[in-house]
């Protein structure tokens, strides 16, 4: 039984891969035309489809929307019961139908023509009513479905999904859509955390900032070091400009060397240590700390004045790994 299941699964994958391998050679003038229509669309891209095509259409709409093209999915039945009112002349409709003859098209196509809405098609039948009405037709045809009964949409839905991805990625690259653009539409995701957060969003502030003055004794600096547990203390002048840092390592070296605890911390600190700019990207700051093999740093403003402190754990807790 297990061999039969494995063979069936592998056969399905092989058939789907075989059909999908034919897609690249089909991309031509219609693909370019479809991409350009979307790129120059002043409104939204409305994706529509029935059954399995509709399920894939929802994913295509979501991919377009998250990669710089305003898009949403409308079910054909809902479109015919009021949702056509959401579609305007500056919009584009991408209709998915393998047969190209979905009965809803008989009513939808004339309404789109009345509104001068550009129609794009994904279909397996290029000369179907849908194919003839569309300004650009993307060929998702298959020689056979992976279903052993040749009934359930399998290979054809894979082709549809891949063609949708190809179209979305081509449009995305043409728009110059980049990582930061992507992060702005995914603020709760890992990429959003990496690219949208600046140091000032994550840094410790107020009483949580370990700080002493240049004239503070090593003893008091040690107490401040212990109070915050950050592994360092920022050493500042009277204008709160950071002049150095006093770390656990500095304290150990000072004590091993026989230094007095009453000595000003300015003599035991590391002068001109690493500081981070409050407005810098958090991901860049984290990478700097890791490159320098340090775990924490003071945060300063554009004038070098202390505004906060941060350590690697603060980045990790924010999802910046």
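A Cβ is built for glycine as well, from the same backbone N, Cα and C atoms used for every other residue.
According to DSSP, residue 51 (ATP binding site) is assigned to a helical segment. Summarising the annotation, Swiss-Prot assigns ATP binding site to 49, 50, 51, 52, 53, 54.
As annotated by Swiss-Prot, substrate binding site applies to 68-69, 75, 81, 107-116, 141-143, 267. According to its DSSP assignment, residue 115 (substrate binding site) is helical.
Around residue 75 (Zn(2+) binding site), the same-chain residues six or more apart in sequence whose CB sits under 8 Å from its CB are 48, 50, 54, 83, listed in sequence order. If you look up Swiss-Prot, you'll see 75 marked as Zn(2+) binding site.
Across the domain 'SIS' (34-177), DSSP assigns 67 helix, 23 strand, 54 coil. Per Swiss-Prot, the feature domain 'SIS' maps to 34-177; the stated evidence is sequence analysis.
DSSP states for the domain 'CBS 1' (203-261), grouped as helix (H, G, I), strand (E, B) and coil, give 23 helix, 17 strand, 19 coil. Swiss-Prot lists 203-261 with the feature domain 'CBS 1', giving sequence analysis as the kind of evidence.
Under DSSP, residues within the domain 'CBS 2' (269-321) fall into helix, strand and coil as 17 helix, 17 strand, 19 coil. Look at Swiss-Prot and you will find 269-321 tagged as domain 'CBS 2'.
For residue 52 (ATP binding site), the number of other Cβ atoms no farther than 10 Å from its own Cβ, over all displayed protein chains, is 16. What Swiss-Prot lists as site 'Catalytically relevant' is 52 (among others), and the listing cites similarity to another entry.
As annotated by Swiss-Prot, site 'Catalytically relevant' applies to 104 (among others), with the evidence given as similarity to another entry. Long-range Cβ proximity for residue 104 (site 'Catalytically relevant'), meaning a same-chain Cβ under 8 A and a gap of 6 or more residues, is found for 50, 76, 77, 79, 80.
Residues or ranges marked as site 'Catalytically relevant' by Swiss-Prot on the basis of similarity to another entry: 145 (among others). All chains included, 21 other C-beta atoms sit within 10 angstroms of the C-beta of residue 145 (site 'Catalytically relevant').
The site 'Catalytically relevant' feature in Swiss-Prot is assigned to 186 (among others); the stated evidence is similarity to another entry.
Excluding 49, 50, 51, 52, 53, 54 themselves, the residues of that chain whose CB lies within 8 A of the CB mean position for the ATP site are, in sequence, 55, 56, 57, 96, 97.
Counting in whole angstrom, residue 112 (substrate binding site) lies 15 from residue 49 (ATP binding site) by their C-alpha atoms.
Cα-Cα distance from residue 68 (substrate binding site) to residue 49 (ATP binding site): 22 Å (rounded to the nearest whole number). Checked against residue 145 (site 'Catalytically relevant') by C-alpha proximity, the binding-site residues 51, 52, 81, 115 yield 52 as the nearest. Comparing C-alpha positions, residue 142 (substrate binding site) sits nearest to 53 among the binding-site residues 49, 51, 53. Here the binding-site residues are 49, 50, 51, 68, and the one ringed by the most other CB atoms within 10 angstroms is 49. Cβ neighbour count for residue 112 (substrate binding site): 23 (other Cβ atoms within 10 Å of its Cβ, all protein chains included).
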